[in-house]
Amino acid sequence: MAPLIRVIGSLNADMVSVTPRFPDAGETITARSFFTSAGGKGANQAVACGRVSRPNPASSRTASESPVQVEMVGAVGGSDGHFTALLKPTLEKSGVDTSRVRVVEKAYTGVAVIIVDESAGGENRILFSPGANYEGMQPTPAVLGMGLAAPIPDVIVMQAEIPVETVVGTLRAIGAYKAQRRAEGKRGIEAGPDVMFNPAPAPPGGLPEDVYAAVDHLIMNETEAELMTPPTAQLVQTVPDAAGLEVKEQVARYFHKLGVTYVLVTLGSKGVWYSASDAEQSRFTNQIPAAPVRKVLDTTAAGDTFMGTYAVEVARWRERRRAEGQAGQDLTTPQDKADRYGRVMDAAMHRAARASARCVERQGAMDSIPWEDEIVEI
């Protein structure tokens with residue numbers, strides 16, 4: 001059976017204006033173009049999971065591996081037609097199951113107003129109106145139970161465009177489930193799903209420290225990393241050996257101390273840096289350069305494409321562990337750890353970087369996310 005990725009997050013209608021530059025305060029300028037497209041960090045990441053794991057249906061190419069199953073969990077408004085006319089068709093054509101998306105009557109679908117600056121290499125500024133992403137995703141028992149609803153997924157992907165209380169409650173529920181599984185003697189991937197958290201937008205003040213026990217993969221850009229960690233003086237009280245180190249080292253050691261195994265910091269045009277470490281202090285780090293880009297048109301969905309591609313690589317690694325009869329085994333030998341924390345991570349980072357490079361060469365959010373057969377080197 002194909003591995004299952006469940007994405008819990010936002011669904012938006014993106015309203016995009018492409019301008020020659022950002023307007024100054026009080027200034028009106030004429031946009032070069034305008035379009036509306038499906039978006040939302042949750043939906044973008046779900047589409048990325050679906051597309052990078054299967055070839056474009058319009059092509060004649062066959063998949064290199066079996067496609068993953070992808071589910072979207074979120075909420076849209078019933079007071080507009082954005083879900084039926086825009087979001088649902090795009091998600092389903094990308095291989096995403098939308099049966100867990102709730103329609104909230106008398107609410108509006110979330111909207112992101114995006115300005116793309118052509119003079120700055122496709123950089124963007126975004127205003128987010130959450131709408132049903134907040135109204136329909138409050139931390140009720142039904143919403144908090146969606147992460148672990150049967151069948152238990154291989155990978156759970158979360159962001160922060162839904163209420164922070166829901167993020168915290170969901171992570172605590174997953175953390176309790178995984179702790180119970182290990183107490184029952186389950187090991188390896190049988191102990192529970194891999195959990196990925198992308199704190200975008202970064203919650204003010206970060207999250208309570210205890211929730212990170214449920215997070216296996218923390219993926220942030222440099223700004224988010226700074227916002228999610230406490231001030232240096234407070235950080236070194238938790239991790240004394242981080243004093244005097246560069247920022248990304250301090251960030252990684254802090255979150256490793258809280259229980260996160262994989263800490264990834266995306267660096268834009270400089271690529272991505274990662275640190276992988278377990279409770280036994282086996283640690284691997286590396287910085288992978290950004291993949292070559294023909295011409296940057298729009299960076300809106302680059303981070304979401306990276307996240308989705310990485311999620312697919314993790315899901316397929318879990319599938320290989322099952323196929324090799326190792327699903328119930330922890331990583332214990334130096335060889336196993338070097339393979340998972342080093343070789344597998346390097347390969348996943350390179351592939352995610354290539355996918356992001358293809359994404360920024362196109363305009364739009366979901367529309368720019370590449371299919372598997374489009375992730376090529378140049």
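In case you wondered, yes, glycine gets a Cβ from its N, Cα and C as well.
All TrEMBL annotations are machine predictions without curation.
Here the structure is a predicted model, which means the values were calculated and not measured.
Lifted from TrEMBL, the feature list:
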- D304: active site, proton acceptor (ACT_SITE)
- N12, A13, D14, G40, K41, G42, A43, N44, E161, D304: substrate binding site (BINDING)
- N221, T266, L267, G268, S269, K270, G271, G303, D304: ATP binding site (BINDING)
- D298, T300, C359, R362, G364, S368: K(+) binding site (BINDING)
- 5-134: domain 'Carbohydrate kinase PfkB' (DOMAIN)
- 206-370: domain 'Carbohydrate kinase PfkB' (DOMAIN)
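Taking the features listed in TrEMBL, we show where each one sits on the structure.
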residue : record                 : Cβ neighbours (10 Å)
N12     : substrate binding site : 33
D14     : substrate binding site : 26
K41     : substrate binding site : 29
E161    : substrate binding site : 25
N221    : ATP binding site       : 20
D298    : K(+) binding site      : 25
T300    : K(+) binding site      : 29
C359    : K(+) binding site      : 31
R362    : K(+) binding site      : 17
G364    : K(+) binding site      : 21
Looking at the binding-site residues S269, S368, the one with the fewest other Cβ atoms inside 10 Å is S269
If you measure from the Cα of A43 (substrate binding site), which of the binding-site residues L267, G271, C359 is the nearest? C359
When DSSP states are grouped into helix, strand and coil, how many residues of the domain 'Carbohydrate kinase PfkB' (5-134) land in each? 30 helix, 52 strand, 48 coil
Which residues of the same chain, at least 6 positions away in sequence, have a Cβ lying under 8 Å from the Cβ of L267 (ATP binding site)? N221, E222, W273, Q287, A290
Looking at substrate and its recorded binding residues N12, A13, D14, G40, K41, G42, A43, N44, E161, D304, figure out the farthest C-alpha pair and report it in angstrom, whole number. 16
Calculate the distance in Å between the alpha carbons (Cα) of K41 (substrate binding site) and the residue listed as 'active site, proton acceptor', and round it to a whole number. 6
So how many other Cβ atoms are close to A43 (substrate binding site), meaning within 10 Å of its Cβ? 31
Across every protein chain in view, the count of C-beta atoms other than its own within 10 A of the C-beta of G271 (ATP binding site) is 18
What average pLDDT does the predicted model assign to the domain 'Carbohydrate kinase PfkB' (206-370)? 94
